[in-house]
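Listed in Swiss-Prot:
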type	residues	note
SIGNAL	1-22	signal peptide
LIPID	Cys23	N-palmitoyl cysteine
LIPID	Cys23	S-diacylglycerol cysteine
BINDING	Met94, Cys107, Cys110, His111	heme 1 binding site
BINDING	Met130, Cys152, Cys155, His156	heme 2 binding site
BINDING	His144, Cys307, Cys310, His311	heme 4 binding site
BINDING	Met236, Cys247, Cys250, His251	heme 3 binding site
REGION	346-404	region 'Disordered'
Amino acid sequence: MSPAQQLTLPAVIVVASVMLLGCEGPPPGTEQIGYRGVGMENYYNKRQRALSIQANQPVESLPAADSTGPKASEVYQNVQVLKDLSVGEFTRTMVAVTTWVSPKEGCNYCHVPGNWASDDIYTKVVSRRMFELVRAANSDWKAHVAETGVTCYTCHRGNPVPKYAWVTDPGPKYPSGLKPTGQNYGSKTVAYASLPFDPLTPFLDQANEIRITGNAALAGSNPASLKQAEWTFGLMMNISDSLGVGCTFCHNTRAFNDWTQSTPKRTTAWYAIRHVRDINQNYIWPLNDVLPASRKGPYGDPLRVSCMTCHQAVNKPLYGAQMAKDYPGLYKTAVTQEALAGSAPASEAAPAAATEAAPEAPAQEVPAAEAVPAAAEPGAAEAAGSVEPAPVEEVAPAPAAQRL
């Protein structure tokens with residue numbers, strides 16, 4: 001063996017060993033989520049799962065407070081959202097929220113010291129709207145959050161700004177006018193796939209068409225382009241990464257578009273996408289004029305939410321811990337629901353109707369051809385505050401029980 005060969009063999013062994021370090025150690029965990037023998041399984045790393053469970057522990061609920069006595073609005077000034085709570089429950093809720101959102105900063109993160117009624121601090125205005133957001137989520141979007149619900153801690157996890165909030169990504173700078181459409185950027189947003197790096201702005205902020213699969217075998221019957229398919233798959237990669245699952249969590253991969261072969265989770269995901277859009281458009285964008293520059297992106301757009309903001313790589317946030325049920329202030333009261341019944345957004349009305357009657361399965365029409373979402377180009381976020389109406393064919397899916 002020549003000296004060169006003697007040096008090459010150890011080098012190959014070292015390189016191969018380094019490459020193997022990037023692989024997950026066997027055996028992986030497996031969960032059957034569909035019919036046996038058809039690949040409807042979810043795979044996970046057992047070591048990573050144990051670490052994830054440890055990192056997603058809920059906060060212990062505070063002891064119950066007296067629900068009788070005067071209301072908070074009768075004792076304190078400028079109480080606009082939680083005015084239906086007793087003083088005891090109101091105080092308990094304030095302490096809990098401080099623990100969930102600003103444990104280090106304390107009450108003064110949202111209140112002017114010495115004058116808790118003052119609105120002269122932007123965080124007070126924002127937090128009031130966030131209370132309304134949580135109440136709407138728990139009361140109007142049960143098709144998404146079910147009876148588990150959400151709390152401030154679901155997103156914040158002890159941080160004033162949620163760790164996984166996002167803004168429109170301008171992408172890398174190019175020296176010429178020839179720009180790719182976002183591929184090969186190596187973005188965590190699409191799980192480092194070679195796909196457009198910002199599927200969040202067009203699909204979770206705006207309401208661009210997501211469906212691209214046709215119903216016929218021949219491609220000529222489907223006007224959707226390959227480029228549009230890349231945007232859609234970028235969103236799917238983001239959702240999978242955000243929930244820590246694979247495609248088969250929602251879809252049967254032999255027919256991605258067929259609702260009758262999909263899992264019940266796809267119905268939940270349908271509502272979840274619309275819930276996220278509702279949060280971004282109706283609760284966060286209207287606060288943009290109140291937020292400081294430090295809470296905005298390069299285009300001046302506010303920090304918004306995506307699936308990752310709440311789920312944090314877990315298919316059920318905090319593994320389904322029911323924290324909200326211990327805090328009545330995080331739900332709309334009967335009085336509040338009656339007052340808002342006439343002004344509820346249409347997107348919020350759909351989930352409620354889904355539990356009363358079984359709507360037809362989504363129509364499988366061929367989606368209209370669409371241009372690449374404008375969010376890929378710089379400056380697109382300036383117009384992101386406006387949302388186009390949802391496509392006609394995206395009616396509410398049939399209840400999961402009928403598709404098992």
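FYI, residue positions are counted from 1 along the chain as it appears here.
Quick reminder: no glycine exception, Cβ is built from N, Cα and C everywhere.
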Densest Cβ neighbourhood among Cys155, Cys247, Cys250 (binding-site residues), 10 Å radius: Cys155
Other residues, Cβ within 8 Å of Met236, Cys247, Cys250, His251 Cβ centroid (heme 3 site): Ile239, Ser240, Gly246, Thr248, Phe249, Thr253, Phe256, Arg266
All-chain count of other Cβ atoms within 10 Å of Met236 (heme 3 binding site): 22
Packing count at Cys152 (heme 2 binding site) (other Cβ atoms within 10 Å of its Cβ): 25
In the chain carrying His311 (heme 4 binding site), residues 6 or more apart in sequence that have Cβ under 8 angstroms from it: Ser242, Leu243, Gly244, Pro317
Cβ within 8 Å of the mean position of the Cβ atoms of Met130, Cys152, Cys155, His156: remaining residues of the chain near heme 2: Trp100, Val101, Val134, Thr151, Tyr153, Thr154, Pro162
Where Cys110 (heme 1 binding site) falls in three-state DSSP terms: coil
Cβ-Cβ neighbours of Cys310 (heme 4 binding site) (radius 10 Å): 24
Residues within 8 Å of the Met94, Cys107, Cys110, His111 Cβ centre (excluding the heme 1 site residues themselves): Val97, Thr98, Gly106, Asn108, Tyr109, Trp116, Lys124, Ser127
By Cα-Cα distance, the member of recorded positions Cys23, Cys247, Cys307, Cys310 nearest His111 (heme 1 binding site): Cys310
Top Cα neighbour of Cys152 (heme 2 binding site) in the set of binding-site residues Met94, Cys110, Cys247, Cys250, Cys307: Met94
